[in-house]
Every structure is written in structure tokens, then in C-alpha cells.
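Colleague: Questions regarding the structure given below will be posed in turn.
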Amino acid sequence: MIVLEKRPQPSRTWSMATPLVAVLATMICGGLLFAVLGKNPVEAIGTIFWEPLFGEYAFYYRPQLLVKGAPLVLIAIGLSLGFRAGIWNIGAEGQYIMGAIVGAGVGLAFYPMEAFYIFPLMVLAGAFGGWVWAMIPAFLKVRFGTNEILVSLMLVYVAEQFLASMSLGLLKNPEGFGFPGSRNLQSYASAHNAELIEGSGMHWGVVAAFVAVIFAYVLLNRHMTGFHIRLTGEAPRAARFAGVKPARLILFCLGMSGALAGLAGLFEVSGPSGQISIDFNVGYGFTAIIVAFLGRLHPVGILLAGGLMALTYIGGEIAQGSLGLPAAAIQVFQGMLLFFLLALDLLTNYRIRAARKEVA
Amino acid sequence: MDLSAINPVLLVASLMVAATPLLLAAIGELVVEKAGVLNLGVEGMMITGAICGFAISVETGSPWLGFIAAAIGGAILSLLFVLMTQVALANQVASGLALTLFGLGLSALMGQSYVGIKPPAMGRLDLPVLSDLPVVGPILFSHDPILYLGILLTGAVWWVLKYSRAGLILRAVGENHDAAHALGYKVIRIRVLAILFGGACAGLGGAYISLIRVPQWTEGMTAGVGWIALALVVFASWKPWRALLGAYLFGGVTVVQLNLQAAGVAIPVEYLAMSPYLITILVLVILSADKSGAPAALGRSFHASH
């Protein structure tokens, strides 16, 4: 018989090792899944994890890693603050959409004027859009005690409908021959989030993601608010005695994650994607949840996890093309990773022992 | 705009159809939460049920087998949640989210070859005389059997929770698992059974969407119904009959907005389509003041340390 014995303190070694073990376990199980789908598992796993980095066309895929990783890291950093304190914002997808709409809206309002201040204004507007959308569940939670999980998630569906209405209505390109979707911001110089170094994939969103990582690290380790966040998550009772105001923490965590998700949306719409369209969002807001957990809710961990998750996206696309692996298989693969991660967390907090026969 | 085209009798009848997936999923989740477990994976289990039911009924030609497969599929997926939260003691909120993300991917993978196919139809209740009555006939006596099953299940769950010994034990586990454990009840075993029941119900609800309500398979077709079902449990303050009432209310909103869309009301389609979600939020806000019905041990892991 095997028994679990609670560790007096979470194991640091296992805390660092579980993400790696989880990735390995996911590779094995994912390989089995690909084998069931009739693909060569070794080849498929190789394509996903090796091709984008060191393959023949790696020069094309490596910049993509930054492009896909940046929004994931930006959103996940915001989410991790709340998750640490037990505040569950799972509506980042909605905040991402609203940030993109508001930011792009501000940019398009200036069209066709060219000025240096347009893009900074759009960035502010994007953060503001996401922030407002996240403040709805935050306010309702603080004022009425409404469950933030359900409200933030419901608002994703509302935002998706709003996106459809915007791309068919107010923001529709008047010169778009009636097709849905806004003007392409890539061809509007003042609003274009262009690559900072040609061919590197490096755009302002990537810069923002790195800044967010540093900011979150400093906040959590050197600032009182960060201490309160950690305290609330680890010992809610102690936090209350220490005078932590839950309402303020909820507003801060949700607002911050909303603003960062909004920023991610703005950088995406003004850069890689270019325009507001009905299917502009691709689920970064949900994948970022996996990234946040994979990075152990730690800023540096999230940075690495964001890179890994971007890798599975890109590798998945390559495998779709070359091996005919269905897109959904990658989604399953990512979900599997989250499962292994959460389950293996057991080893951080518990020790597994063979039960000794006790003599009564 | 032509509102007179909306037939109130058909409206009520289709409201009941729209409410059934919600009701089935919510009743399952209600039992799970009564046992003290918060499973946020309802959406994932529903969509898995939807594709399992669809695939099996297309392959066998029998909607009944489809529904059975859906219940089994939902339960199997919930088994993953069992492993995570009851065996590995993982965080229930995170595990539920994982279940939803995984279920959405898995269903899309399984459903690839079923897009655009029509499933075999399920017969409707057809009682002589009764089904032909005006007004009452279409509303009460000519639905598909699963709709009646949903109502029966509500009654059964209500009775079991309120009057049976099993229900009492289940509630005890949900209110105070340490006390229940001290009394010698198998906390983990009871919770596992509750989670499996919840999974099976969510699976049935999902299959109701893909086999009867729509009936068709498209990726992500549950479109948040699982989440609304979770909200519904809060709305019902963990009481089965109020869940039925809530499901009909939400079903009503959905059907009315669809009818308004069809009638060409001056409100844009997108804003009408938002309404069920907005109303869910509104209802949550109104009801969140009263948390008296919530099981005390909801969302807490149990580990017998001695």
C-alpha cells in the first residue's frame, strides 16, 4: 500500500523539477496519441520541438517564437498575480479582444493623419480597454461578492459578439468592398506595430512582455503589494491579521491582468495580425492559463513556459503541414501538459511512501 | 419586424428543449457541489459527451446508444478530474479549467470526420389524444424522451438529497468532510461517485445539444452552456427544483432572442446573442448576496492524514 505523507515544507527541488517531468510525460503520452492517429510519434514530436528551432527553415520560425510567445507571456504574467492570491481571472481572452478593439479604434479614429503620438495613444487605449473589461468582474466581486470566475468567463462570449459587431459595423473598412474587418493597420505607418529589427520578430509587444516579467519579479519580491499577494495566497488568515485589504487586492490583480491582456491584444492587432476581424482572437487568453501554471506562477518561469508553448504552436503548425497532424491534436497536447503539471504538483507538497505495517 | 410571427405555444415548447442541456448539466454539477467538490470542467465534459453521443449514434443509427455513450464519455473525462483532485489532490479550480481545455481539444479531434453529417432522429412522445390537444399537447406531451428524463432526474435528485440516507451522507461529506470521515464514511469514495454522476449528466446534456437541439456537430458547439450551468447551480442555491426553474428561465432568454433575431427586430444580431451571457451575469449579481445554500466544504481537498 502506498501512502501520501504531507511534507512540512514544499520541496524546492520538486517545485523546479515538476515542469520538466510534466513536459517529458506529455511528450510520451502525446507521442502515444500521435501514434493512435497513425503518425510516427518520434517524427511528430521531433517536428514540434526540433524543427522550429534547429530545422532547415528555422531562420523563418525562430522570429515566430517571439511573435507567438509575447502575448502568451504578457497575459500569463497578469494572470499569475491573481492566481497567486486565489483570484481567478479566466476571462483574459475577452480582455485581449477588448484591448484590441479599443486600441485599434483609437488608431483608426486618427486615420489618415500621421503623427508620432498615435501609437503611444493606442497602447494606452489598449491597456485601458482590457482594464475596463476586467474591472467589471472585479467591481462586482468587491461590491456584491459575485464569483469572478463565472463573470469573467461570460464576458469572453460578450466580447466575442462585440468583436463581430465591430468588424461588421463601426470599425469596418469603408474601402473594404463590403468584406468584414477593419482597415489594415500594417499599412498605416503611425499605427503599425512594426518589427524593431527587420526579420527578428521583435516588436513592441515583445519588449512589453520582457518589461512585464521584470516588473512582476520586482513587484513580487521587493514590493509590499507583491508581499500581500503572496501572503493572501499562502495564508489567507495571516493576511487578514496583517491588514491586507482583500478588495484592494482584487481590484489590483484583476485590473493588472486585464490591462496586460489588453496590451497583448493591441500589440497583436497593430502588428502580426493587422486588422480587427471576426476571428481575430485565437485563444491566447486560454492558453496563457496553461503558461501561467507551467511557469509555476513565477515571472521567470512564465517567460520560459511562454517560449515552450509558442514552440508547440509553431511546431504544431509545421506538423499540420508536413505530417497532416490535425490542429486539434496540438490543443489536446497542450491540455495534457496542464494535467500532468497539476497532478505532479503532488510531489511538491507530499512525499510518497510505502506504508509500514503498524502493530496495534 | 413582425412579432406576430412568434407563436407563444411553440415558444414555450422550444424553450423546454433549449433548457434541457442546461438542466442536465446543472443537476449533475449540483450533486457534485453538494458533495463538496467544485468541478469547473462542465463545459469540457459536455462537449465530449456531445461528440461521443453524436459519433456513436451516427455509427449505430441509434440515438439511445448515442446518449448512453455520451454519459459514459462524460463520466470517463470526469475520471480524469477524479485522478487530479481526489488522488493527486490538485487544485480543483485549475483542474476543472484543465478539463475544459482538454475536452474542447479532444472533442475537436474526435469530431473531425463528423462535420456536416445529420444524426439519426429520436422519436418524440406521441400519446393518442393527449399529444393532439391544443396548447397543452405541444408543451407537455410531444417532446423527446430525454427532456422528460431531465425532469425526472431533477425530481429524483431532489428526493435522494432530501429524504434518503445516501443523500444525507452526501451532504454531510460536502458540509464537513472531517466530521464525515470521523463518522466512518468514505469521503473520497463518495466524492468520486458524485463526480462520475456529474460527468455522466454533463455528457447527456452535451449530447442533447448535438443530437436533438441543433442537431449537428460543429467544433466548440456547446458555446458556454457548461459555464452557464455552473452559474445556474449558484442561481438555484443548490436546490434541484430551483435549478429547473433557472434552466427554463435561461432557455426562455435564449429562445426569445433567437425568435427576435428571426423576426428582424431593430437590435443588431450580435447584441441579441450577448443577452444570455449578460443575463447570467445579472442573475449572479442579484443572487450572490445569499450564499447560505453553499456546501461548507466546497472546493476543499480532503486528505486523511491518520
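In case you wondered, yes, glycine gets a Cβ from its N, Cα and C as well.
In case it helps, TrEMBL gives these features for our protein:
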- B:6-25: transmembrane segment (TRANSMEM)
- B:37-58: transmembrane segment (TRANSMEM)
- B:64-84: transmembrane segment (TRANSMEM)
- B:96-115: transmembrane segment (TRANSMEM)
- B:135-161: transmembrane segment (TRANSMEM)
- B:192-214: transmembrane segment (TRANSMEM)
- B:220-238: transmembrane segment (TRANSMEM)
- B:245-265: transmembrane segment (TRANSMEM)
- B:271-289: transmembrane segment (TRANSMEM)
Colleague: Are the transmembrane segment (B:64-84) and the transmembrane segment (B:6-25) close enough that 3 or more Cβ pairs fall under 8 Å, when only pairs 6 or more apart in sequence count?
Modeller: no
Colleague: May I ask you to check whether the transmembrane segment (B:192-214) and the transmembrane segment (B:64-84) make contact, with contact taken as at least three Cβ pairs under 8 Å and only pairs 6 or more apart in sequence counted?
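Modeller: As far as Cβ distances go (cut-off 8 Å, pairs 6 or more apart), the transmembrane segment (B:192-214) and the transmembrane segment (B:64-84) touch.
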Colleague: What stretch, picked from B:37-58, B:135-161, B:220-238, B:245-265, B:271-289, has the most CB pairs under 8 A with the transmembrane segment (B:96-115)?
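Modeller: Per the Cβ count, the answer is B:37-58.
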Colleague: Could you check if the transmembrane segment (B:271-289) is in contact with the transmembrane segment (B:220-238), meaning 3+ Cβ pairs under 8 Å among residue pairs at least 6 apart in sequence?
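Modeller: The answer is yes, given that the two segments have at least 3 Cβ pairs within the 8 Å cut-off.
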Colleague: Near the transmembrane segment (B:220-238), which residues from the same chain, at least 6 beyond its ends, have a CB less than 8 A from one of its CBs?
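Modeller: The answer is 21-22, 25-26, 29-30, 33-34, 40, 42-47, 50, 100, 104, 108, 202, 205-206, 209-210, 214, 245-247, 250, 276-277, 280, 283-284, 287-288, 290, 292-295.
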